[in-house]
């Protein structure tokens with residue numbers, strides 16, 4: 001009666017995929033980092049070089065963005081469908097309006113902000129990593145890598161960020 005059934009020729013639209021497209025402009029930096037990494041390792045046949053970190057950073061950004069939008073969409077669907085619980089509807093409308101007002105705002109990751117301030121404290125590790133990457137740049141074998149220096153650098157950053165980050169978590 002009030003329900004509409006899909007006909008066999010109608011295509012089901014995945015709302016998450018649609019939201020992912022709308023979130024891509026908010027994750028341009030992560031996408032560019034991933035693309036730059038894939039170009040850097042394009043000719044590597046060894047399989048030792050990878051862009052896993054950049055790939056996950058990009059999709060983490062997309063997932064965070066779509067999660068907020070999916071929650072507000074689910075809430076608006078519940079509100080529109082006429083749940084008679086007055087408090088739930090009121091809460092739902094408040095959440096929908098609030099999320100619409102904030103949808104243009106960029107979500108700020110406190111860890112990323114703190115990393116910027118910690119980078120000057122980890123210059124030695126960064127220089128070691130950069131020197132290593134320059135040293136192995138022409139290596140065709142793919143057996144050389146700078147994983148140790150990379151992790152030393154990020155361990156230094158994390159060690160600096162952690163105490164400040166835990167203060168912000170509640």
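Residue 1 is the first one shown; counting continues down the chain.
Note that Cβ sites are derived from N, Cα and C of the backbone, with glycine treated the same way.
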Inset, instruction - If TrEMBL is the reference, give me the range from 35-56, 57-78, 79-100, 101-122 marked as transmembrane segment. - result: 79-100
Inset, instruction - Could you give me the DSSP helix, strand and coil counts for the domain 'Ubiquinol-cytochrome C reductase hinge' (109-170)? - result: 49 helix, 0 strand, 13 coil
